[in-house]
Amino acid sequence: MAREFSLAKTRNIGIMAHVDAGKTTTTERILYYTGKIHKIGETHEGASQMDWMAQEQERGITITSAATTAQWDGHRVNIIDTPGHVDFTIEVQRSLRVLDGAVTVLDAQSGVEPQTETVWRQATEYRVPRIVFANKMDKIGADFLYSVSTLHDRLQANAHPIQLPIGSEDDFTGIIDLIKMKAEIYTNDLGTDIREEDIPAEYVDQANEYREKLVEAVAETDEELMMKYLEGEEITNEELMAGIRKATINVEFFPVLCGSAFKNKGVQLMLDAVIDYLPSPLDIPAIKGVNPDTDAEETRPASDEEPFAALAFKIMTDPFVGRLTFFRVYSGVLQSGSYVMNTSKGKRERIGRILQMHANTRQEIETVYSGDIAAAVGLKNTTTGDSLTDEKAQVILESIEVPEPVIQLMVEPKSKADQDKMGVALQKLAEEDPTFRVETNVETGETVIAGMGELHLDVLVDRMKREFKVEANVGAPQVSYRETFRASTQARGFFKRQSGGKGQFGDVWIEFTPNEEGKGFEFENAIVGGVVPREFIPAVEKGLIESMANGVLAGYPLVDVKAKLYDGSYHDVDSSETAFKIAASLALKEAAKSAQPSILEPMMLVTITAPEDNLGDVMGHVTARRGRVDGMEARGNIQVVRAYVPLAEMFGYATILRSATQGRGTFMMVFDHYEDVPKSVQEEIIKKNHGE
């Protein structure tokens, strides 16, 4: 089957915004006007087409980036709806990775909000061209020009209106097109009846002023237009549109539009702007990758003639077809039933069926072409960020960066039946979401889940209950402490038991010294003259290892200690392996009295990114958490603080930072090293573990 839409007539866009800016409603209207749905679903009624998970409909927020395909003005528009909540940033990142352009939705009353800054920053990193839609013009307090000013002040964006609203709040009746210099007046509730008229007299001066500003701003991005502008020649509408398109695709200019998705105003004009100003796959640089055999850099231009190359950007479990792998095709053509190479894993995969998704309904298709976004059934080994390529022309595309999880909780199944189901459920959820990790704590036997924030883990535990019918208790997280010796000492372990028949006898002298950090336990046999027979030496080492697992202070493993067995004695009849194991453990216990045992705690390297205004708060947070600042760096009006902070003090920090910075602050943390716990904290830990 031939291509239905050429590459030039394809748009891959994302819709991104702060929570509650009306992003999902905007997507709904796009689907309505492009003929994908016949009845509009309202988010506040829990009936939205794109928000198809039960939790999303209940909470009224978008959690997973649902992909859908629509048609407008002879073009195919693939849309990815992304979440606006900070706990779900991986969803935003992975959708930005496969998009060619985006629509940033603002609430016209609030303008740029904290999470808008976060997603804008991510989009800038990925060099994604954007248009801005100031939504909710019908809302009390809506102010279009204020919203535009926040784009300049908070994002330093070269953003300019290409439209102006006629009225606002309840009087929002239409839109002035600053390119055509005409007014679009809405005459019915569904926004399908639009009258084009002359600009109302009271708006003519404002329209002329903003048209002039627009022409000047666009001319500044293009030398030819600048010459015409300076020489006083008229710039035609066609030249102006071409200039806006070029500057937008180069991420030098951001056109701003207005409307009210809820009241069905401005959405069709926004769709026109998607076609007019956002890039097709042909307008953006060819994707780069590495040849797995030669390590040489290769590019894959958007073309059906090139070898097949795609990136898997999302895994989802569908109740009817099972595991779905969403992928973006960068080059080439793929038929269902064919084989591809997962070059990231070095595994061959068979593409069972190919589905085009519309939120959570699907249509089976035979072929996908370059520039398409689709979902495949039947891939066994593919995870987020993997490259899928032609077997004969392999390439590894740049993957998706996954932030480390920052919060963890213990989960415990309520019954034996739940235990088996929980393992399967957690594995499936971890496959779908790379920021969700599952670990079993070897020391406590507990299952610990880690994620990007409390809401993130709430939603996953909730999904475990709903989708997999697993009942589980969720506990508070625990820290993995360690113990060590800080001084050298010598100790004797003497064990003797004689009570008729064969007795027990073991006698050892061991020197204990602190070892380098991370070196673990080292055992040295320095026995001379057979005072401890050779066959009992392994028993001494084993006795020490077993005792060290339970520590000497609070039950945590003893690490980084050297033990040198240098003297002892034995009994011809009564000595045994068991006796020497016990003697070794007694020597360790004795050594603990003089070897200055200490509890160690994991120290995290924490990187906190926050607005300059909140720098004082952030420094206060670090100090209050027994942390120490390692360095600071200014990036525009954002400050990046690096600090070492104990893991024990970081629980709940995501929530504290979020409220201190109104969601504008983010942090990442990675384990760095173990460090001695202060004496006062050590005493508390010992008391707690001894049940005092």
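Residue numbering: from 1, along the chain as shown.
Using the three backbone atoms N, Cα and C, a Cβ is placed for every residue, glycine included.
The GTP binding site annotation in Swiss-Prot covers 17-24, 81-85, 135-138 and rests on sequence analysis. Residues annotated as domain 'tr-type G' in Swiss-Prot: 8-282.
Projection of Swiss-Prot feature records onto the structure.
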residue: A17; record: GTP binding site; Cβ within 10 Å: 29
residue: T82; record: GTP binding site; Cβ within 10 Å: 26
residue: M137; record: GTP binding site; Cβ within 10 Å: 28
Please work out the mean pLDDT for the residues of the domain 'tr-type G' (8-282).
83
